[in-house]
């Protein structure tokens, strides 16, 4: 055998071992972080029950959810990591310590994320849900294995049902013998086709949640930061809240003669709300002038700048789609890292792309949990049932796995999709991509205009004390709606 061939094979083997070790270390870190996050929200009573069988089932479901959440975090980091790796290789092309960072590693990470996303969505999460809800077949011996058998049968039937639906849908949309025969190939066609449908659903979900989340980000940030005082007398407001808290405390302790006619539970809820408001006001009074008068405006300006840049990029991409066919999202086999920057502004533009990708992901999550359809999925600290954790993991995986396609479709980045991410059928349809960009820009602009219109009115009403005037019922309801829209009732 030729010594050169032996050395080449050894080099390939060493590279694969090194990439496997790097991928294992990265996934282990993501798994630990995901496990820490889930344990902060899980209901401890589900894992400390007297029934060891239920505790074991919940523990197995927790491991599967942790795996799924780790894949979700990996899907979010996939595109930013690829962009930053390209810029690092451009800046340090001959550095010995970053030779492990190459196109083969990046391509392998994309393939692994695609594989684990399919595995989690199609098998692991349905198995975890049916496993927690199963009790074993009637007449069979109770135990964990009986639940495993029942879950496996139900999952098999569900798989056959979904396979049949996808086969029929593909035959209707592409009625030829080649397409129908290709569906018999489960690995090369069925799973990528199913994931393409799931990805399309995730991209559509991002289209609805992200514009709403971009407008909600201002309210959420306002709740976390100390707002400027404007024309409000903070000491007077704090005294009034203190009097209200004292009066409610006396009613709850039974020191008044009218406590019999009052709803005790409603009084407790009102007392807790007044107490939280007093604590927030005390924090505002203790805040430094820099934190109170500079932090909030800077945060609002930063959010406004990020949102404005995102909308401008999408608008520019709409024009680019009309004149340049290369603007269409497509897949590539060789990433070609270290050859050229994926931004016309170099490393600075690549950094802006990474920041925008994270910002859009956070906004989509905020919009998802703020929407009326999914607000019930919002997890609570140490009080989230196992089925709700499974629902949250599935939702986050659908959103995060669609993020690379979402970012490339909107033109946020020029980094083309790697692996099976670029094999989605609908990516090559000009009308779908063009309409998607137009809808995103229009919905985002509409949500922001509506948000700032209500917020400015609410701030003016509260700043000038008009909310304290004895207004008619209809006007009072409108004023309350305005104040609630800007999040002031929760912050003050």
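Including glycine, each Cβ sits where the backbone N, Cα and C put it.
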Which listed span TrEMBL calls transmembrane segment, if the choices are 343-369, 451-477:
343-369
In contact by Cβ distance (the transmembrane segment (389-406), the transmembrane segment (109-132); 3 or more pairs under 8 Å):
yes
For the transmembrane segment (294-323), sequence-distant contacts whose Cβ falls under 8 Å of one of its Cβ atoms, 6 or more beyond its ends:
214, 217-218, 221-222, 225-228, 352, 355-356, 359-360, 410-412, 430, 433-434, 437-438, 440-441, 444-445, 448
With a Cβ cut-off under 8 Å, give me the same-chain residues at least six positions beyond the ends of the transmembrane segment (60-83) that come close to it.
26-27, 30-31, 33-35, 37-38, 42, 47, 106, 109-110, 112-113, 116-117, 120, 124-125, 127-128, 131-132, 335, 337, 342, 350, 353-354, 357-358, 361, 386, 389-390, 393-394, 396-397, 399-401, 403-404, 407, 413, 415, 418
Taking contact to mean three or more C-beta pairs under 8 angstroms, with sequence separation of 6 or more, is the transmembrane segment (426-449) in contact with the transmembrane segment (343-369)?
no
